[in-house]
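Visitor: Handing you this structure, nothing more for now.
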Amino acid sequence: MSTLLLIEQVLNGLQFGVMLFLMAAGLTLIFGVMGLINLAHGSLYMVGAFAAAATAAATGSFVLALVAALIAAAAAGAIVELTVIRRLYDRDHLDQVLATFALILVFSEGTRWIFGSFPLYLDVPAALAGPVTLPGGIEYPAYRLLIIGMGLAVAAGLFLLISRTRIGIQIRAGEADREMIGALGVDISKLYTLVFALGAALAGLAGALVGAIQSVQVGMGEPVLILAFVVIVIGGIGSIKGAFVGALLVGLTDTLGGVLLPEFFALFTEASSAKLIGASVASMAIYILMAGVLIFKPTGLFGGQT
Amino acid sequence: MKLHSLMLAAGLAATASMGMAEKIKVGMITTLSGGGAGLGIDVRDGFLLAVKGNDDIELVIEDDQRKPEIAVQLADKMIQSEKVDVMTGIIWSNLAMAVVPAATAQGKFYVSPNAGPSALAGKGCHPNYFNVAWQNDAYHEAAGKWASENGVGKVVVMAPNYPAGKDAITGFKRFFTGEIADEVYTKLGQQDYAAEIAQIRASGADMVYYFLPGGMGISFMKQYAGSGADVQVMGPAFSFDQGILGAIGDAALGVKNTAHWSKDLDVPGNADFVAAFQAEYGRLPSVYAAQGFDTGLLLASAAAKADVADADAFRAALKEADFQSVRGEFSFGANNHPVQTIYVREVVKEGDVVTNKLLGAAAENHSDAYAADCKM
Amino acid sequence: MTRAAMINAALFAMLPITAGVALALDEPFIITLATKVAILALAAVGLNIALGLGGLVSLGHAAFFGIGGYAMGILAHHAQSYTPLMELPFLIEGTKSMPVIWLVAIIASALAALAIGALSLRTTGVYFIMITLAFGQMLYYFAISWPAYGGEDGLSIYVRNGFPGLNTLVPIQFFGLCFAVLAVVLWASGRLARSAFGLALTAARQNPERVEAVGLTPYRLRLVAFTISGAVTGLAGALFADLNRFVSPTMFSWQMSGEIMIFIILGGVGRLFGPVAGAALFILLEHLLSGVTEFWLIYVGALLLLVVLFARGGLIGSLAGREVAHD
Amino acid sequence: MIEPLLETRDLCKNFGALQATDHVNISLVPGEIHALIGPNGAGKSTLVKLIMGSEQPSSGSVHFAGADITDLRRPERARAGLGRTFQISSLAMEHTVLQNAVLGALGRSGRVMRFLWPVMSDKALVAQAEQALERVGLADHRGALTGELSHGQRRLLEVAVALTLEPKAFLMDEPMAGLGAEGSARMTEFLDRLRQEAPILLIEHDMDAVFQLADRISVLVYGRVIATGTAAEIRANAAVREAYLGEEDA
């Protein structure tokens, strides 16, 4: 395999990882601050994608579509938080898993009810449709560069938000000690709604960005959700830094595993079966990674004590 | 729907006891909810259009949710409680493998409107099993043949790492005489193909042939168009069907795909079917709708000729395939699978609508590779 | 008899009564549904040993369900195709005998649970939920891409496996068999809850430090509980495969794990008959609602939400009130 | 000299720069109550954790009944014969009082891998548990849910569970906390008799009880033992008065 191709694959892994980060950041924030496992996070991703597709179809503007995705997902998140989620904060994980599993059913079938069973159309904006040539002669899709850029920007913004702003102080206080923020005179229920909506908006943004290059369909959220869980578990639940590192690890493992493992097995066995075995192992690679991390660090790479 | 069919069943019991004309009772198990529901809905709607106003056929429809376990249980229900004569409707090969052998073993007829797994065409064939659509390999074989005959030298083939994916690649290679530059197996349900696209670009191939059903194909095509790769793309009609083209959009323009039917195919009855389907449902028919329609016509033709209580007569009536298929020439081979022409279509834009245009035949009077294994 | 005990007895009797009535009315499909309830309840009884008694929220129990299913599928597949399962180092043939299949399913899923549990139980809380989910997904992808036994297509078994003295092809007889297995396992799991092991396990759920202070090791207790739990769910998997005469990787899917867990929550966590009530309610809803609307899952979701939010303790909990059994 | 049953040798524990335990050497000989006192933050909890195995020492060792138990896990230390009560009641709150006591007896017997025989029908275990409850005066509450007990009753149950283990030595972390005057007096009386069965390492804030009960007292300040001696010696110790009693009186 040529170096150029390898670099391109690393970029692909990076792009995948950055997209996972957008999902994982919200999940990990919500868990860190409210102690809630939200299986319905993938549904908010889907809401973002559908809102973007519907808006793009109506207005033709990709920017408006992204804005719509953010608003729709944040609004859906806030509504769900106000009606359902806030009753779950002092419940055990089991109740949270079940209630948010139920939300997935409601969101998925509700979306199908409204938009029908066929995938929706959402395309990348014309200006970003083609590839650009990177230094070193790598041709890379402009839109994927945009995703990498936006993901890194959001990551930087989140770090700033958490380290520099009042909200950030409250969030960190909430992560350290849930009772303390009450003592600080913070309106907890407002903070919770805000954090949940923020997490939802990030998921919605991810859904819209990815929807343009993948298919916008019911059920698109669940595979990503499971990957995002793998990410935050590897990174350590509650840690934004962990989510970032975990996302990149998972993105790179998945992409490079799919590319390199078949070649690796080709060293031992003949080509056609090496491809099959390699593909099989690659499909399990991130789960093996996760199990490995947890066996050596049961609370993830950047996780504190449980 | 259930209540409705119950009432019909009660009515049927009443009329039967009065010794009136025999109807055939058809049980349709298809995917109406969850992922892939679009396919089942098209098959159902096509079928309903074909048997509209036909008093010989009574239909019970159930949703399998694309879960094989549910399909098996529904099949039990249709056989045990509804006491259907004929079953149909299943979209997916894995569901068909779960249902068909048990149904035919219990003396029921099964007429497949979509799935055509190789096991049921070869060693596992059965006199009561008829496939109206195609054997699974047919589109891929035709594509391989077409590519060989049209000067394509070097091909990358790509499919998910699961049985139908492996069959697709085998099918393509069976008729392709050029060089296979690379075989790429992806994860089932994979949505991001950046890594594979990079491999395709680096392979120096003339063409990429891929089989990625459902959302996977949509994702691949959109990403492929944005990658700047200029390797020609070809695939089976599954990834370029009407329901899917709407979601891919312009990114699919120019892609060749193989199918046994196209809405602009100039054969008797096809134009009427397309118009009637559009009038009834407000959308263009897909190949699945056409398959559902043909399935309905086939059953209606057999019901008109023979009493389903006489299994041998009914089987013979089915085998005759005495109906005007919207694909044109159609007959059953020795293993009850179609002998038909597979065409090549190109994705074009008609006004604002992205759709398929017929280019020509890829493989005429094509049958499948498994008939020889079928002993019946 | 307490109110809860009466409800349990009524619930338990409902299954054979339903099957009996269906037999009288010649509605074999209802018997099939009752069989399905019994088998899924069995799977949930298995999970309930880990979840209800041990407090181990496993979102990966589909792994054992699937292993049980494939134990049946693989053995029966070799028997029906007259090919040996293994020739070296010694010959192993397939089989169509249920007792043998059950034994293999129990042993295979227990071994898997032992291995998965040994690794997963090093973590707690959310991490445990997630790592069990990850192991389930690992097996799911493995089953899909493993070509020898059908991959995604799964394996079809043409004739249901046999049990000495019974004709398992007759729906009511197969129901009776599954119901008997459920009854035995329910009895055993009730005894388990009150045994020395059950006391230590439930104490470890409430307060692991306490258990350590009396010289017991929570990790070991949980690992044994997880193994037993996996074995029971694996047995249910073998029966489920026989009910459908079919196995496929969907038995490994995380939605399957979720469904098994739903049965427990619907019925009531930690209650002996909770899984039976939950499975019965779920199958009933599925059967009734799916006939009314394509979007029936919305209603299942809404109902589940209501149960979790407002009817804590599940179906049995709501019916029996806040009464606690002192045993 | 009597051979000590429990002994720490140069035990150290640091968390980063903080020296929580600093070369601690304390011992417990048969028949005695050895009280460990010290102001808040003196490192008593850390020392308890090191002895019970909840923390691993940075250096030094813990010896019990003639063996080095530094590397043993918590359950292994319990099985070796170290019975403890917790600072904050640590019981199975959903179980009955008797079940908690039976759990202790079960731990002592080691026969936990019994799956089908109801444990509450095991006469030997139940008798042992009931005897322990009798001794602490909880026999009348045997059927009550532990979660419904008063704070003081839970402390008694902690002691009863420790009794069922028939340990070689007790480690009791503030058994008097929250008992009230009458309860404290009864507990004091009980511990006074208990030392004949097995020696007690007592961590306690109740100074009256400590000075009344302890054969020896060790004073822990900033992780170091600054003095060990009889009640009279400790009262007279200037360093102790300054570092500890002075503060306490202020």
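Keep in mind that glycine also has a Cβ here, set from the backbone N, Cα and C atoms.
Note that the coordinates shown come from a computational prediction; the quantities given were computed from them, not determined experimentally.
Okay, so TrEMBL annotates it like this:
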| type | residues | note |
| --- | --- | --- |
| TRANSMEM | A:14-37 | transmembrane segment |
| TRANSMEM | A:44-60 | transmembrane segment |
| TRANSMEM | A:66-85 | transmembrane segment |
| TRANSMEM | A:97-122 | transmembrane segment |
| TRANSMEM | A:142-162 | transmembrane segment |
| TRANSMEM | A:191-213 | transmembrane segment |
| TRANSMEM | A:225-252 | transmembrane segment |
| TRANSMEM | A:273-296 | transmembrane segment |
Visitor: Which residues of the chain, 6 or more past the ends of the transmembrane segment (A:142-162), have a CB below 8 A from one of its CBs?
Guide: 11-12, 14-15, 18-19, 21-22, 25, 124-125, 127-132, 168, 171-172, 202, 205, 209-210, 212-213, 240, 244
Visitor: Count, for each of A:66-85, A:97-122, A:225-252, A:273-296, the Cβ pairs lying under 8 Å from the transmembrane segment (A:14-37), and report the range with the highest count.
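Guide: Highest pair count goes to A:225-252.
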Visitor: Quick check: do the transmembrane segment (A:97-122) and the transmembrane segment (A:44-60) share at least 3 Cβ pairs under 8 Å, counting only pairs 6+ apart in sequence?
Guide: yes
Visitor: Rank A:44-60, A:66-85, A:273-296 by Cβ pairs under 8 Å to the transmembrane segment (A:191-213) and hand me the top one.
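Guide: Ranked by Cβ pairs under 8 Å, first place goes to A:66-85.
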Visitor: So which residues does the transmembrane segment (A:44-60) touch in its own chain, when a touch means Cβ under 8 Å and the partner is 6 or more beyond its ends?
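Guide: Distant Cβ neighbours of the transmembrane segment (A:44-60) are 23, 26, 66-73, 76-77, 107-108, 111, 115, 120-123, 199-200, 203-208, 210-212, 216, 218-221, 224-225.
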Visitor: Give residue numbers and ranges for long-range contacts of the transmembrane segment (A:66-85): same chain, 6 or more residues beyond its ends, CB-CB under 8 A.
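Guide: Sequence-remote neighbours of the transmembrane segment (A:66-85) are 34, 36, 38, 40, 44-45, 47-52, 54-55, 99-100, 103, 192-193, 196-201, 203-205, 207-209.
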